[in-house]
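Peer 1: Please read through the structure below; I'll follow up with questions.
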């Protein structure tokens with residue numbers, strides 16, 4: 001924030017008030033992401049035993065394990081599939097109407113979706129569980145819209161840091177979500193609350209966030225009311241971004257990286273359950289460990305790397321170790337290796353994500369920041385939805401086949417990243433020489 005001291009005390013006071021308003025807005029954005037992520041994360045320890053082990057007889061005992069595993073992959077996939085549909089629309093609407101109203105819509109959908117899923121678990125109703133996932137997914141654009149709001153408040157120098165801080169809220173939510181599940185799904189004072197309790201408790205969190213959004217969040221971007229939108233324009237922006245020479249390659253890298261990562265992340269709970277006999281509590285502990293490391297990387301690793309290296313170098317440094325980690329798990333199928341791989345992945349995945357988002361943002365005009373964040377979120381949603389479906393098809397053939405596919409995809413992504421960075425460096429050298437001439 002720049003202060004024009006020669007303008008006098010009134011300007012200084014206005015500047016201070018603006019800083020305070022920005023901090024409150026950051027808090028509201030932090031809470032929005034935190035609540036959304038908590039709701040996303042708590043489903044993994046619940047749905048894994050619910051679908052895979054059929055602990056509450058959600059399915060008829062005659063239903064095969066392969067069908068339950070497929071339904072598990074599908075219930076994980078339906079949320080990001082709906083997010084893929086909703087994110088570009090809500091992202092574009094935030095460019096037209098501003099960020100605040102869209103964020104309120106997102107958090108309201110989160111509240112309703114959690115309640116419906118809780119009812120589905122209580123009633124052993126698969127259709128209600130899917131309906132809750134659909135409602136939550138289609139309104140789950142809080143992350144890209146919040147990222148756009150953060151960019152509104154950022155300078156070129158603080159953009160990567162601020163994106164990492166707000167995305168850390170996502171990681172903290174993923175820590176709290178499994179904790180909620182682990183605590184509420186087990187007997188408390190001799191009373192078993194059941195698998196539906198985490199959903200009902202988590203539904204209280206959006207109410208608190210709505211209070212902050214309605215009364216304290218200050219609009220960061222008034223919107224462009226003259227912008228023309230139609231229902232297809234948001235999806236057209238995805239294809240346009242993939243055809244744009246500035247954003248095409250980073251988007252393909254983002255797609256490959258996220259598919260490879262999500263195959264590992266979505267499969268981690270099932271692999272631990274089927275290979276090592278983990279129960280709901282141990283799955284929650286594993287996810288908590290992963291998420292704590294994930295959040296720590298946003299808070300410490302990313303600021304360190306971005307202060308020492310360019311975004312392109314940060315991308316290579318973070319992508320390279322990922323395929324090697326999963327390859328090690330395939331070669332040495334041990335509990336200790338699973339935990340080590342989970343920690344290493346949690347360190348480097350956030351670095352790749354922030355580097356790619358910052359690269360995309362830097363290559364996009366100011367008036368289209370919300371749109372490119374919506375596109376990146378759609379890519380994220382596609383990868384997140386595609387990964388469990390692919391896993392559901394591969395896993396019946398071999399427990400290791402999903403991990404093998406993740407390794408191959410991440411290795412291919414690394415090669416594309418190397419070519420992209422080399423090409424960017426060559427362009428930079430040519431531009432420097434032209435300037436010197």
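Any Cβ shown, glycine's included, is placed from N, Cα and C.
As listed in TrEMBL for this protein:
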- 25-424: domain 'Major facilitator superfamily (MFS) profile' (DOMAIN)
- 26-50: transmembrane segment (TRANSMEM)
- 70-90: transmembrane segment (TRANSMEM)
- 102-121: transmembrane segment (TRANSMEM)
- 127-151: transmembrane segment (TRANSMEM)
- 163-189: transmembrane segment (TRANSMEM)
- 195-217: transmembrane segment (TRANSMEM)
- 251-274: transmembrane segment (TRANSMEM)
- 280-302: transmembrane segment (TRANSMEM)
- 314-332: transmembrane segment (TRANSMEM)
- 338-360: transmembrane segment (TRANSMEM)
- 372-393: transmembrane segment (TRANSMEM)
- 399-421: transmembrane segment (TRANSMEM)
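Describe each of these features in terms of where it is and what it packs against.
Peer 2: The list of residues near the transmembrane segment (26-50) in space but at least 6 beyond its ends in sequence, with Cβ under 8 angstroms from a Cβ of it, reads 56, 58, 72, 75-76, 79, 103, 106-107, 110, 113-114, 117, 121, 133, 136, 140, 142-143, 146, 149-150, 153, 165-167, 169-178, 180-182, 185, 195, 198-199, 202, 205-206, 208-209, 212-213, 216-217, 269-270, 273, 279-281, 283-284, 287, 291.
Cβ atoms under 8 Å from those of the transmembrane segment (338-360) belong to residues 147, 159-160, 163-164, 167, 171, 247, 250-251, 253-254, 257-258, 261, 264-265, 268, 271-272, 276, 286, 289-291, 293-294, 296-298, 301-302, 305-306, 311-312, 314-315, 317-319, 321-322, 325-326, 328-329, 372-373, 376 of the same chain, restricted to positions at least 6 beyond its ends.
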Peer 1: Counting Cβ pairs under 8 Å that sit 6 or more residues apart, are there three or more between the transmembrane segment (195-217) and the transmembrane segment (102-121)?
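Peer 2: Yes, these stretches are in contact.
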Peer 1: The domain 'Major facilitator superfamily (MFS) profile' (25-424): mean pLDDT?
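Peer 2: Across the residues of the domain 'Major facilitator superfamily (MFS) profile' (25-424) the model's pLDDT averages 84 on the 0 to 100 scale.
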